[in-house]
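The following features are taken from Swiss-Prot:
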{"type": "DOMAIN", "residues": "1-181", "note": "domain 'KARI N-terminal Rossmann'"}
{"type": "BINDING", "residues": "24, 25, 26, 27, 47, 50, 52, 82, 83, 84, 85, 133", "note": "NADP(+) binding site"}
{"type": "ACT_SITE", "residues": "107", "note": "active site"}
{"type": "DOMAIN", "residues": "182-327", "note": "domain 'KARI C-terminal knotted'"}
{"type": "BINDING", "residues": "190, 194", "note": "Mg(2+) 1 binding site"}
{"type": "BINDING", "residues": "190, 226, 230", "note": "Mg(2+) 2 binding site"}
{"type": "BINDING", "residues": "251", "note": "substrate binding site"}
């Protein structure tokens with residue numbers, strides 16, 4: 001895959017255009033402030049009763065309702081939760097889009113699964129920073145940026161790709177590198193990673209390790225330290241230098257034990273289940289299940305949240321984290 005940098009992007013494709021950022025959460029505040037400080041004309045679209053209105057105004061941003069922001073804008077970036085985008089698109093975005101406008105996203109879920117089907121007269125693009133919003137913002141203020149993905153779903157004006165690259169540049173992304181992909185590939189890999197590794201797989205691995213030690217008679221505190229707390233040390237090594245950096249940094253005992261016992265935990269059967277999970281993402285079964293869950297009032301999700309919050313690892317973890325003065329309590 002090719003990477004694009006500063007010389008490959010031209011902010012001129014966004015200059016003189018009105019840009020609306022819908023949402024002012026983690027990504028929304030970073031997009032709005034970075035683009036504004038890159039010299040672009042930005043407003044934020046929010047519900048009138050949103051708690052984010054005051055924060056956005058205090059940051060020097062113009063704030064409108066979603067409908068007003070879209071009507072004013074040439075380019076609209078939708079940074080709202082996936083489950084709310086369809087309804088807001090149908091009631092407040094679509095009626096106010098004009099031919100030649102650009103509709104932008106930071107994640108492809110609603111476009112890829114046809115929850116949102118824009119008119120062919122508008123550009124549809126994606127700019128997806130591969131970092132949380134606070135890091136997108138912080139690196140920009142330091143004169144750097146984070147890697148970004150871009151994609152084009154519809155090019156009505158012939159400038160969609162150039163606009164996506166320019167947006168990434170406005171965020172600071174071209175200083176790190178921008179990779180072009182598709183809505184399909186971004187969406188499917190993102191969902192799979194969350195489910196099988198980042199949020200689903202890792203959480204279940206942690207709980208299983210904790211339970212194994214506790215059921216064998218070891219104190220919950222030690223089980224927490226070994227299976228939850230110390231994971232950050234290892235993940236930081238992965239983050240900085242991959243698997244090799246981790247293996248180089250740990251003891252020979254840990255390296256040998258991990259290499260010989262790890263495959264007994266993540267067996268071919270686990271990988272086979274991962275493939276099933278990927279298939280559910282690819283064929284839309286997961287998307288339908290999630291949409292039905294949202295429409296049904298989150299009954300299953302709320303039950304699962306309650307079960308997880310009541311797990312023993314959460315109770316002992318809360319006590320142990322109180323001992324860690326360096327942690328910011330939330």
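The backbone N, Cα and C atoms fix where each Cβ goes, glycine too.
Per-residue pLDDT, averaged over the domain 'KARI N-terminal Rossmann' (1-181), rounds to 97. Cα spacing between residue 190 (Mg(2+) 1 binding site) and the residue listed as 'active site': 9 Å, rounded to the nearest whole number. Distances between the Cα of residue 85 (NADP(+) binding site) and those of the binding-site residues 194, 226, 230, 251 are shortest for 194. When the record's NADP(+)-binding residues 24, 25, 26, 27, 47, 50, 52, 82, 83, 84, 85, 133 are compared pairwise by CA position, the greatest distance found is 21 Å. Listed binding-site residues: 52, 85, 251. The one with the lowest count of other Cβ atoms within 10 Å of its Cβ is 251.
Counting in whole angstrom, residue 226 (Mg(2+) 2 binding site) lies 15 from residue 251 (substrate binding site) by their C-alpha atoms. According to DSSP, residue 26 (NADP(+) binding site) is assigned to a helical segment. Secondary structure from DSSP puts residue 47 (NADP(+) binding site) in coil. When the alpha carbons of residue 24 (NADP(+) binding site) and residue 194 (Mg(2+) 1 binding site) are compared, the span between them is 23 angstrom. DSSP states for the domain 'KARI C-terminal knotted' (182-327), grouped as helix (H, G, I), strand (E, B) and coil, give 121 helix, 0 strand, 25 coil.
If you check the recorded positions 107, 194, 230, 251 against residue 83 (NADP(+) binding site), none has a Cα inside 10 Å of its Cα.
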